[in-house]
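Structure, as structure tokens:
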Amino acid sequence: MLVRILLIALLYYPLSIGLTFYQKWLLKNYKLPLTVVCGHYIIKWGAAIFIRFLLELCGPPRIRLSWKEQVRWLAPIGVCASLDIGLSNWALEYVTVSLYTMAKSSGILFIVAFSLLLRLEKWRISLGMETALIAAGLFLFTWRSSQLDLTGLMLVELAAACTGIRWSVSQLVMQKDDSHAIRNPLDMVAHVQPWMLIPIIPLILIFESPTYAEIDPLTYQGEFAPLTVISLVFIGGIIAFSMELAEYLLLVNTSGVTLNIFGIIKEIFTLLLAHFAHGDQMSEVNLVGLMMCLCGVGLHGMNRHRNAIKFEKGRFSALTAQPSSAHHRVAASKNSSRLAESRELAHGSSGDDLRGLLLEDDVL
């Protein structure tokens, strides 16, 4: 299981880092970030529908949810995901990649808050310490930054809040125990993308329609180049589609908090690349903040590993017990209680009741 998660993470990292730098490069010459994001949504939706169609030709029908279930569960995910991605791309116009990536890491605060609210996580002192270390590290990273742009920072923080809602509700949908659970990342992308289009279109009309009067959206670097624009948006859309599949794969096997921890590790690599490739400035205080974030990440990893080991020991103890008398039945009851406590402990650590361990056939 651990090997599979690491392999998914190795797939997720280059896609996510590559998309961040690709978007930063594209938006230097194409000043319509929300339009680009809308194009990505359409491409991801089309790709998911096409692949589902091919799979249904060779296998059983894919899951389909009623409108009632979609409005109840998927609409909040889609709306928040759209605002998350749209605001993030918008913020890249104002802030450096370094400031963007570290400020966006504050999403873990919102994910923890919503996970506790939805009872996906159980409050623990270690969880508070992990969150506090990362939050303090983020504060130090942005302290007296000469590259700080207040508008860009506010956009990133709004996106981080949407991240908290998005991944907490996504975890709830993908890991719940009923027929309406969507455990396959491809099905999740296909169902969520239409809802992501709803909030992005009004944002385009409000903030980018004036630009349309001055610049043709099919113009690139001052020249009318529709094929170039479509190709650049299509490439970004395919990268975003692949990255979103990897994100949902991680989520269905772990939790929203752990997914964000993986994201923070990714952002450390992004910071180093931005420092060497773009010359982004990093002071000593910024580096201290980075180290505190790393400590928070390490603490989370150790606690998760420790509680997973305790869960496995409790399960082994319960399964190996063979009661044959009243005395043994009492012992079996204690073993069952021990197993339940171990499950609760693991649930508090990972937030998913370890249901992801059993999803071998439902995940791409």
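Cβ coordinates are placed from backbone N, Cα and C, and glycine is handled just like the others.
Now, the feature entries from TrEMBL:
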COMPBIAS  340-350  compositional bias 'Basic and acidic residues'
DOMAIN    4-299  domain 'Sugar phosphate transporter'
REGION    329-350  region 'Disordered'
TRANSMEM  5-22  transmembrane segment
TRANSMEM  42-59  transmembrane segment
TRANSMEM  71-91  transmembrane segment
TRANSMEM  97-118  transmembrane segment
TRANSMEM  125-144  transmembrane segment
TRANSMEM  150-169  transmembrane segment
TRANSMEM  189-207  transmembrane segment
TRANSMEM  227-250  transmembrane segment
TRANSMEM  257-279  transmembrane segment
TRANSMEM  285-303  transmembrane segment
Tertiary contacts of the transmembrane segment (5-22), as residues 6+ beyond its ends and Cβ separation under 8 Å: 97, 100-101, 235-236, 239-240, 242-243, 246-247, 249-250, 253-254, 262-263, 265-266, 269-270, 273-274, 277
Overall pLDDT of the domain 'Sugar phosphate transporter' (4-299), taken as the mean: 82
